[in-house]
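TrEMBL annotations:
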type	residues	note
BINDING	Thr135, Lys136, Ala137, Asp138, Gly187, Ser188, Ser189, Gly190, Val191, Gly192, Lys193, Ser194, Thr195	GTP binding site
BINDING	Cys271, Cys276, His278, Cys284	Zn(2+) binding site
COMPBIAS	322-333	compositional bias 'Basic residues'
DOMAIN	84-248	domain 'CP-type G'
DOMAIN	96-246	domain 'EngC GTPase'
REGION	302-333	region 'Disordered'
Amino acid sequence: MAALGWSDFFDAQLGADETSLARLRIATVHRSRLTAEGPAGAVKVNLPATSKTTDFAVGDWVLADPETRMFLRRLDRHALLERKTEGARVPQLIAANVDTLFIVTSCNDDFNPARLERYLALANEAETQPVIVLTKADQARTVTPFEEQAKALQRGLSVVTLNAKTPEAAQVLAPWCGPGQTVALVGSSGVGKSTLLNTLANKTGEDAQATGGIREDDAKGRHTTTARSLHTTQAGGCVIDTPGIRTLHLSDVAAGLDVLFAEIAELAPDCKFRDCTHAHEPGCAVQAGIAAGSVMPDRLERWRKLADENQDNTPQTTGPRGNKKPQGKRRKR
Ligand SMILES: Nc1nc2c(ncn2[C@@H]2O[C@H](COP(=O)(O)OP(=O)(O)OP(=O)(O)O)[C@@H](O)[C@H]2O)c(=O)[nH]1
Ligand SMILES: [Zn+2]
């Protein structure tokens, strides 16, 4: 069970009458079907008519009847990666109980700091540790500019560079893939998520997750992976593969943005006005930081863009920080 990520956090949630129940970790979520990993390997979880599969995330722990595998209850999550998709009322669950988020991009045209920032905000908000994984190092003339730009995105951010197709990739990622650890892979289509999964889980031949070629002209992938799935790794942990996300819109990530733009968030309490926009107000500590050289103007610009988007997308009811702007000033989208 420990190899599947079971920990004291989940153990503490078990009632005295629940210790004999089956503990299963959700591995795939389909429209009308759930599968899970348990001590006996992969199994189907039976759902009562009152439960919807969309209530579950890959990585969730559930309790089920040991005989019938009928679902009984889901345990509380310690981290949930979720995103709002355009037009949808409820957020889409990306993965649950994830310790580390591998944000995968390649040392080519896929590399896009603005997109990486969005994934970082998502990971920070879920309190999942982000790691930037730069693939296709073998195809780049030099990887240094990619590494430097990635490191500058967030204070203390881990950045690794590798060739996803080689066994050494598993060694580079080993610090986050130890026994009981769960990692999830996110990134655009074609960056090598499935290739990394196959390397980490040592999957070959029929077991291997299908990988696809990329289009030569723009380094874009072909969306080979179409569903999320959880797999056990060589090192005794779990890895969750996710399909490439085309556009990641931000909502409900105010705390995640504060971690991403720590140098701005730290100064903001010293501004004269509590609702300072750090644009033109007198007594603005962030503008003072720009004058002093401790805040870079382009970082403030990007913070503003993402903070505005977050405000626009965050409903009034979900917390005091997502909606400082008065209703009338909200932009039409
Ligand atoms: N040379 C080299 N090729 C790589 C590397 N990583 C991935 N590839 C190749 O890039 C292509 C796309 O890789 P995938 O693993 O399918 O990408 P993905 O991110 O899973 O894509 P989706 O499933 O569409 O989301 C495949 O042909 C891989 O063999 C790398 O580090 N070096
Ligand atoms: Zn200010």
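Glycine is no exception: its Cβ is also placed from the backbone N, Cα and C atoms.
Cys284 (Zn(2+) binding site) sits 41 Å from Thr135 (GTP binding site), taking the CA atoms of both as reference points.
In this structure, the binding-site residues that sit close to ligand 2, with a C-beta under 6 angstroms from any of its atoms, are Cys271, His278, Cys284, chosen from Ala137, Ser189, Val191, Cys271, His278, Cys284. Around Cys276 (Zn(2+) binding site), taking its Cβ as the centre, 20 other Cβ atoms fall within 10 Å, counting all chains. Contact annotation for binding-site residues (Ser189, Lys193, His278) versus ligand 1: Ser189, Lys193, each with CB under 6 Å from a ligand atom.
Sorting the binding-site residues Ala137, Val191, Cys271, Cys284 by the number of other Cβ atoms within 10 Å puts Val191 first. Note: the Zn(2+) site is recorded as Cys271, Cys276, His278, Cys284; in the same chain, Leu267, Ala268, Lys272, Phe273, Thr277, Ala279, Glu281, Gly283, Ala285, Val286, Gln287 also have Cβ atoms within 8 Å of that site's Cβ centroid. Within the set of binding-site residues (Lys193, His278), the lowest number of other Cβ atoms found within 10 Å of a Cβ is recorded at His278.
Counting in whole angstrom, Gly187 (GTP binding site) lies 34 from Cys276 (Zn(2+) binding site) by their C-alpha atoms. Comparing C-alpha positions, Ser189 (GTP binding site) sits nearest to His278 among the binding-site residues Cys271, Cys276, His278. A C-beta separation below 8 Å, combined with a sequence spacing of at least six in one chain, links Thr135 (GTP binding site) to Val104, Thr105, Ser106, Cys107, Leu162, Asn163, Ala164, Val191, Gly192, Thr195, Leu196. Comparing Cα positions, Lys193 (GTP binding site) lies closest to His278 out of the binding-site residues Cys271, Cys276, His278. Of all residue pairs in the GTP-binding list (Thr135, Lys136, Ala137, Asp138, Gly187, Ser188, Ser189, Gly190, Val191, Gly192, Lys193, Ser194, Thr195), the one with the greatest Cα separation is 19 Å apart.
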